[in-house]
């Protein structure tokens, strides 16, 4: 009995003199991106721990390519939280009195770059203690898109797809029919790890509203899908319409090309004709040359007339400037009257008359 009491007393003294100790166990924490992670670090002090209290948090990045980074420090009754730029303004002590034995921190607005091992170090000479916490940041499923891949017609095969825009693996998929019996057809065998349901030989009873829920360890999201299985459409009419439309389009294009070509040919012909006319037409004569030609022709006519025939004509004034009448273009001569045959003249009562012949100088022969 006495030996037992001595053993218990020694154990109590050893525990009392153990000094500084961190009571928080090492652990792993999983949080979603954008949330706040609480990293605990609680400690106790011994009576011999009389030195200044120093608290330091370190981060060992997950890629193991960077050295340990100091993210927050308490020393000399002051807090320093601007050591690590990636966490600046996002890491804080949870307690206002760190000497009470709580060195826990909060990391807000978590990012994927925050993944790593966090180490809490507490020192109060001669006592020293440290603990490690593994932090994992996951992305919740979000931006889920549900759609049908294929033709929703009776007898056809198609697929129902459920695709998240983002989300950390592993992901699990759960399909459910909201209308009617709220059960999937027995022929469908969706896998929890596959985002696709293959539908074979679709029937009208497959129509309805479906929901797809995507989950991982930190959250979930879902989308709705409306499925309408309809009778097959008249494909022959559709194909015929497409062919006719294509032919009409080709005819229209050919007509436009023909009209454009014809218009270009007409414009080219007009330009060539206009150019030929301008080359063939001689330049117009001046008014002075016209007048001179007219005067010369008059002189020739007068010279050929006999003196007896010139009595009715006045003498030409050669010392005067030609009048405006001479400058005018000569008029075309009038045609002589049609000749009548002699027998016709006798029938008409004409009397034959003898006209004496004249020589070139005007004398009667």
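Using N, Cα and C of the backbone, Cβ positions are placed for all residues, glycine too.
Now, the feature entries from Swiss-Prot:
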COMPBIAS  269-282  compositional bias 'Basic and acidic residues'
DISULFID  41-120  disulfide bond
DISULFID  146-223  disulfide bond
DISULFID  162-212  disulfide bond
DOMAIN    20-136  domain 'Ig-like C2-type 1'
LIPID     259  S-palmitoyl cysteine
LIPID     260  S-palmitoyl cysteine
MOD_RES   297  phosphoserine
MOD_RES   304  phosphoserine
MOD_RES   306  phosphoserine
MOD_RES   323  phosphoserine
MOD_RES   332  phosphoserine
MOD_RES   363  phosphoserine
REGION    269-343  region 'Disordered'
SIGNAL    1-19  signal peptide
TOPO_DOM  260-365  topological domain 'Cytoplasmic'
TRANSMEM  239-259  transmembrane segment
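Positions of the features from Swiss-Prot, shown on the structure.
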residue	record	DSSP (3 states)
41	disulfide bond	coil
120	disulfide bond	strand
146	disulfide bond	strand
162	disulfide bond	strand
212	disulfide bond	strand
223	disulfide bond	strand
259	S-palmitoyl cysteine	helix
Legend entry - Number of other Cβ atoms within 10 Å of the Cβ of residue 259 (S-palmitoyl cysteine) across all protein chains: 10
Inset, instruction - Report, as a single number, how many Cβ atoms besides its own are within 10 Å of the Cβ of residue 120 (disulfide bond). - result: 23
Legend entry - Fewest-neighbour residue among disulfide-bonded residues, criterion Cβ within 10 Å, set 41, 146: 146
Inset, instruction - Rounded to the nearest Å, what's the C-alpha distance separating residue 260 (S-palmitoyl cysteine) and residue 212 (disulfide bond)? Just drop the number here, would you? - result: 58
Inset, instruction - Check the Cα distances from residue 223 (disulfide bond) to each of the recorded positions 41, 120, 162, 212, 259 and keep only the ones within 10 Å. - result: 162, 212
Legend entry - Length of the line joining the Cα atoms of residue 41 (disulfide bond) and residue 146 (disulfide bond), in Å: 44
Legend entry - Candidate nearest residue 120 (disulfide bond) in space, where candidates are the recorded positions 146, 212, 259 and distance is Cα-Cα: 212
Legend entry - Under 8 Å by Cβ from residue 162 (disulfide bond), counting only residues of that chain that are 6 or more apart: 144, 145, 146, 173, 175, 195, 196, 212, 214, 223, 225
Legend entry - Those recorded positions listed as 212, 223, 260, and which of them has the most Cβ atoms within 10 Å of its own Cβ: 212
Legend entry - Averaged pLDDT score, the domain 'Ig-like C2-type 1' (20-136): 94
Legend entry - Number of helical, extended and coil residues in the domain 'Ig-like C2-type 1' (20-136), per DSSP: 9 helix, 59 strand, 49 coil
